[in-house]
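Below: the structure, in structure tokens.
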Amino acid sequence: MKLLIINNHDSFTFNLVDLIRKLNVPYDVLNVEDLKENTAENYSHILISPGPDIPRAYPQLFSMLEKYYQQKSILGVCLGHQTLCEFFGGTLYNLENVRHGQKRTLKVRSNSPLFFDLPTEFNIGLYHSWGVQEEDFPDCLEITALCDEDVVMAMQHKSLPIYSVQFHPESYMSDFGEKILRNWLAIPPTTNP
């Protein structure tokens, strides 16, 4: 197992890195602007970090996903969540109220391996101004959790090891962040480089 963390220049990225360090998993951090066509080749897992702006501001993420989405285990966080949802055909919308530094309640609604051995409700930290529309959610994806305001908070692909969370598991406001990352890394990737 080897993990590539794509740094989209969010202040939370290195909080995620600190959580990964605790898991004793070999990893590399790569700035998004340095992402090249074959960069992810020798990694089994890819973590797409939070970041500013919207997914389309990062075309290199879409190029990387086009090449590797069927070959790697992928987790998106915040911007990474939005990127994965949009890649598979989801639609973003601008939230009426920006959620920066808000604690909400996550409501798990599936047996997603990401939430294995966790309660069906727990606290999460939100830092976002965009959401993914539930109404026209891509058929190949399953919504696995909402917040207490019914905003999509987590999803998984129906047949590939691809997962994402809108909330920040690395935030001090989020319960079980380390466990969520541990659960993701325990899910077998489709290939083992």
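Cβ atoms are placed via backbone N, Cα and C, with glycine included.
Taken from Swiss-Prot, the feature domain 'Glutamine amidotransferase type-1' covers 2-193. Annotated active site per Swiss-Prot: C78, H168, E170, in sequence order.
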DSSP says H168 (active site), in three-state terms, is strand
Looking at the domain 'Glutamine amidotransferase type-1' (2-193) alone, can you tell me the average pLDDT? 92
If you measure between the CA atoms of C78 (active site) and E170 (active site) and round to the nearest Å, you get 11
Protein Cβ atoms within 10 Å of H168 (active site), excluding its own: 23
For C78 (active site), the three-state class that DSSP assigns: coil
Within 10 Å of the Cβ of C78 (active site), how many other Cβ atoms can you find? Include all protein chains, please. 26
Packing count at E170 (active site) (other Cβ atoms within 10 Å of its Cβ): 24
